[in-house]
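Quick look at what TrEMBL annotates:
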BINDING   302, 303, 304, 406, 447, 469, 503, 583, 584, 585, 748, 754, 777, 778  ATP binding site
BINDING   302, 304, 774, 778  Mg(2+) binding site
COMPBIAS  1147-1161  compositional bias 'Polar residues'
TRANSMEM  177-206  transmembrane segment
TRANSMEM  226-254  transmembrane segment
TRANSMEM  840-858  transmembrane segment
TRANSMEM  864-884  transmembrane segment
TRANSMEM  961-980  transmembrane segment
TRANSMEM  986-1009  transmembrane segment
TRANSMEM  1030-1051  transmembrane segment
């Protein structure tokens, strides 16, 4: 109700906004809800746009308008829109505007914010309409005094409302598992009811018929023993369905949503995921996927703006076959590395230069000064071929560009003296070395992801010329013949630039014949006003004129890696996550970035390149790669090093090379990464062999063995080949090959291909996927993955708006997954274990009591207790576990990324564990359902044994039903509290309040209940607590219920410790050392204790410190800061027979204590203090 009320209020506020509509030559205020299609409205500065409108006229020169689209796509930078020149002449004459009688034919309403196709028919002429002439509802008019527009779409037909439809609902694996378990629990409830019904019928027929009833049962229950027992049994079935219904966790989903809601805020409040430069916080845009962050197996990442900064700087270039940008040593002729101390060129001769611009090659500046024609053509193209808008702010020229690449290129041209000054609807003005040049703008051939190029057609002094820039492979296909020398040299420079990780663009130009252009322009106009297939027809028209071009040169823009990217990727790989990079860049650039971010390493055996263009060639390449991998696997012996991964993620290192041959694995084993261990610094350290493995099952334990060689493989595939790989007949072969590779890089891919790759992995691997990107071209990939992460970077907010989580830098993904994701998954599983445990223990008390009450559906507890058990007595402790608990702290979660691996296999909570088919060794180190049955049996049997024929010291009988019920209820709360106390590994103030507060509240509530209510249970708990029997029984029940848990847990932690156990031990040791260091660092007392005074004889009773003093050494620094002798013995035992396992041997020297004995332990080096002798 609250949600709908707030939504109603919001809708009313929007619908009642006022808009100024032209009616009969006058402006009339109308509510937004009254605005209709065909109305002409006036919009003033800083006002919201009421509908999707076609701009007719504006206060700005050339009919320009500036709008802010933050409510549409989250972008705060201003965008420019422009009306038709023909309609701009109407000005703000309301009478003339009201007489506008044009006809608009356009597309049907849709949700595409960046696309519009239509035609305006006015005064007998047709005018093409596109997105640049439209303002959408939700935009805000900025820096424009006024403008008029005609409404095209209103109300629910606007693009804003079309985008507010139902989005795809994402469910986690935990949700699907819970749905399955709930159905199973319902059947379990029906089974218990059916059992009690049969048992009741048997009991009634054998025993119950001899009981005398004082109620008029004859009308309902036949006197016949069999018939009467049958009727009673049927009634008992429904009675037990009511009594035992608490086994179905009705409040489970509410508690789950509360935990997820709070976990989302913990992500939002994390100060370590704040980007200081912009103050941008991480944000959980959904509350339903938090635990899924702890189960990611595949990450699909964009490159530009995701792995890189997307802050482009003009770094190098190639013009007419000559490369510029390197600094050459004049004496040796060698290339000098550019550092912070390298002095950049001085551009102060140019009044329009930018002080922050840096370039170091003096040869290019000299070529500009001597007016080299090829260099002039190069920079003239950069100043003219773009869609950048200029703006004069306080006498300073500033540019607004939708692409960082265009901004960098226009800025470079500006600093070299080719300044873009202003843009009009039909002209572009630049300044070349101080001389103003005005070009007539005839046509712009827009860039898109398919064309991968853009062109402009200009006229200057009667000469027509086309300037084009785009991807190298696209431009090279459209060059004229006879330029082989320049093309070859430029290709060498392209390869060199790409090898350095630079983003490249090719520049070309073409002179156009006037007659040819006029004919082409006519066909272009026809395609531009087409209502069907406009894009396809325009692309075909563009192909006609973008041919036979001359190559001018190449630009090389540097886009540096973001901080922390290599470390983040390395840790994610150690966590068993496979990372695929999907980028639109060329192959060489993608490979170089792969090496830079440690996705590709020199340890790889081979990097496969799939670059064929035909279906058969691609298939042959994949088959060849598959055969090569099989050959390597055949002749490479399996590594003896393996690990055992228990059902809860327990990892046990094989301690010798002579491991016996394991049994055969199950069919279709999943691929995971092997983790080996070595002893170092008293804590097991993890080394990732990055190898594909197979799972082998040994009594509920999953054993991992190397299936792949140490080096492994990587694959790089381009977009043309990927088209064939995604074909249904080849996708299985493609998946078979790429799943054997550590790293996958897809280059030259389109946004659609990114989404198809994600869908392919989801379909074939049944793995949890995550897609991360920062641009509009990543939206489809982000929506296709199980979890989408958007980076708020330089390319707007479209990726963020489509994502489930948003971060400001790629490095924050490590903390999002390894800390918050793992904690969320761990906490949710802990919560579910305890929640089902307490529910089963509570409900089964009724079931066991049925054996003592003739299966009469008599309850064990007070009805009030039954009503509020889940709400008040046990809800807060379990919420505390689900919100605050953690097995290891955030530092160690990142330091030991292998802790993340159990989430890949749902090992913390799964069907097998729930139904007790495998051991759970993390919390319930016992069979869960058996333990619940055991506890509930203990509650009933112990209390029945205690109070059966019991007598108090004063001679009064204690065998009272109410007393038994109250005692059982109290023990149930106490044992549940003790259980969750043992399961809680991380204590906070909130945990203490929730756990101990709930226990205290039970006893306080019972006493308060005695004062305000009358009934058979009033005072029964107080009476029970006054007897010693209650306290002795409570202690006995707690011990019997908890001791098996403790014994089992201590056994496995001591004999088979997990990596998590060892890390927790390290944390405790660090805390102990911290407290000890505080004591050690205290200033020694100046007064010497009596026992430390030495003998006055010439010879001491004990060996003194003479050797240490004469040698000048008081303590010798040890390489191991956590050194102790038991660990040395363990290491020596482990290293024996495992010389090839990579274990690190330590050679240490043990210092002597003051009494001359060898010291077993020592303080860390940072804790040492000077000893005064």
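Think of each number as a place in line: the chain as shown, counted from 1.
Each Cβ is built from the backbone N, Cα and C atoms, and glycine gets one as well.
What TrEMBL annotates, mapped onto the structure for a quick look.
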| residue | record | contacts (Cβ under 8 Å, 6+ apart) |
| --- | --- | --- |
| 302 | ATP binding site | 581, 582, 583, 754, 772, 773, 774, 775, 777, 778, 781 |
| 304 | ATP binding site | 310, 503, 559, 583, 584, 585, 774, 775 |
| 447 | ATP binding site | 453, 454, 470 |
| 748 | ATP binding site | 471, 473, 584, 585, 586, 587, 718, 719, 720 |
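Note: the stretches the transmembrane segment (864-884) and the transmembrane segment (986-1009) are in contact (3+ CB pairs below 8 A, sequence gap of 6 or more). Of all Cβ atoms in the shown protein chains, 23 besides its own fall within 10 Å of the Cβ of residue 584 (ATP binding site). Residues 225-226, 228-230, 232-234, 236-238, 240-241, 244-245, 247-249, 252-253, 256, 832, 836, 847, 850, 854-857, 906, 909-911, 914-915 of the same chain, all 6+ positions outside the transmembrane segment (177-206), place their C-beta atoms under 8 angstroms from a C-beta of that stretch. Over all protein chains present, the Cβ of residue 774 (Mg(2+) binding site) has 32 other Cβ atoms lying within 10 Å. Summarising the environment of residue 503 (ATP binding site), the number of other Cβ atoms within 10 Å of its Cβ, over all protein chains shown, is 22. The Cβ neighbour count for residue 777 (ATP binding site), using a 10 Å radius over every protein chain in view, is 22.
In this structure, residue 304 (ATP binding site) belongs to neither helix nor strand by DSSP; it is coil. Under the DSSP three-state reduction, residue 748 (ATP binding site) is assigned to coil, being neither helix nor strand. DSSP assigns residue 503 (ATP binding site) to a strand segment in the three-state reduction. Mapped onto three states, the DSSP output places residue 777 (ATP binding site) in helix.
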